[in-house]
């Protein structure tokens, strides 16, 4: 390669690497701010001061959704598998909101540890399948569970 | 093999060779891009089953994902062409980079708009400042910046160089877009199509998506070739071979 072209090639490689490392370091140090939401564990550990507006994200705990008798108020718990945070929200939930589904709520933790949300967004996962397949999976899951239970019963005799 | 690549590279630097070579490709490219788009859209919009959670609104994936993929690939191509221009001072590379920029920006905009339209019914919001959405918006602004620089200066060469440098600097954004959903907590879901694993999508829904991706890349190739040919005709308008074409 022509020496001058080689020099330019090296210069360009250096430029790209320098920019990449600079941006990489900046991103690394800002990663807490780039995260869109905090996990329930972070909130339970007291990493979030009460009264500060944050987003909390996690899965809605099965069977935890309780709707108010009057109005739109709804309470549920959000989990990341380790800790749970109770959430209260007064408003219209997105269509995809359901138990077991991921959500991201905007709001603040009050002094009693309740997360009061002013906005709830549904998080969608990367899985796509037709309803029949989903039903078949569910069925297989339940059959498997029943079989396991039967086997466990037999084993205990 | 290496010899052949070097020879191809030298030929690509020749506007006349490129112009004559691509003459024959246009028809077939247009046919393949159009045909696959029709097949992909019919399969995706009419025959693919609805999603178990999102119902029919998931079908926007057949536009959104190909557009987002292409916007990133086009950016990488533009940056590589810019580097080739900076190192070898090959005019063709500068024209290709200039020609790609608006096309890539258009696909980036399509990805952002279709994403917003999908986000409203699915997430409950048009826009959220999460890492994936924000880095994609940055890609659009990078495209705008490169486009502006490519025409900013009196001398064409200086403008191309400035555009190429910005394109190379912005290259750092591409891995950020790709890994944003893994490095940080985002509202946007992780990738459905993965290079190393099985895609987390039912085959009946997946095939139309793959066809649409191929179709989008073919369409991009067609548009870039057509626009490069225009650029060649304009810049070489005083050459003998172009005059001959224009007169006939």
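Placed from the backbone N, Cα and C atoms, the Cβ positions cover glycine too.
Curation plays no part in TrEMBL annotations; they are all automatic predictions.
Here TrEMBL flags B:24-188 as domain 'Cytochrome c assembly protein'. Confidence over the domain 'Cytochrome c assembly protein' (B:24-188), given as mean pLDDT on the 0 to 100 scale, stands at 94.
The transmembrane segment annotation in TrEMBL covers B:25-48 (among others).
Residues 40-41, 44-45, 93-94, 96-97, 100-101, 103-105, 107-108, 110-111, 114-115, 117-118, 136, 139, 142-143, 146, 160-161, 163-165, 167-168, 170-171, 173-174, 177-178, 192-193, 208-209, 212-213, 215-217, 220 of the same chain, all 6+ positions outside the transmembrane segment (B:60-87), place their C-beta atoms under 8 angstroms from a C-beta of that stretch. Positions annotated as transmembrane segment by TrEMBL: B:60-87 (among others).
Here TrEMBL flags B:99-119 (among others) as transmembrane segment.
Residues annotated as transmembrane segment in TrEMBL: B:131-150 (among others).
Taken from TrEMBL, the feature transmembrane segment covers B:162-181 (among others).
Residues or ranges marked as transmembrane segment by TrEMBL: B:205-226 (among others). Within the chain, the transmembrane segment (B:205-226) has long-range Cβ neighbours (under 8 A, six or more residues past its boundaries) at 22, 25-26, 29-30, 32-33, 36-37, 39-41, 43-44, 47-49, 51, 58, 61-63, 65-67, 69-70, 73-74, 96, 99-100, 103, 107, 193, 199.
Of the two recorded stretches, the transmembrane segment (B:99-119) lies close to the transmembrane segment (B:131-150), with three or more CB pairs under 8 Å once pairs fewer than 6 apart in sequence are set aside. Contact between the transmembrane segment (B:131-150) and the transmembrane segment (B:162-181) is supported: at least 3 Cβ pairs lie under 8 Å, counting only residues 6 or more apart in sequence.
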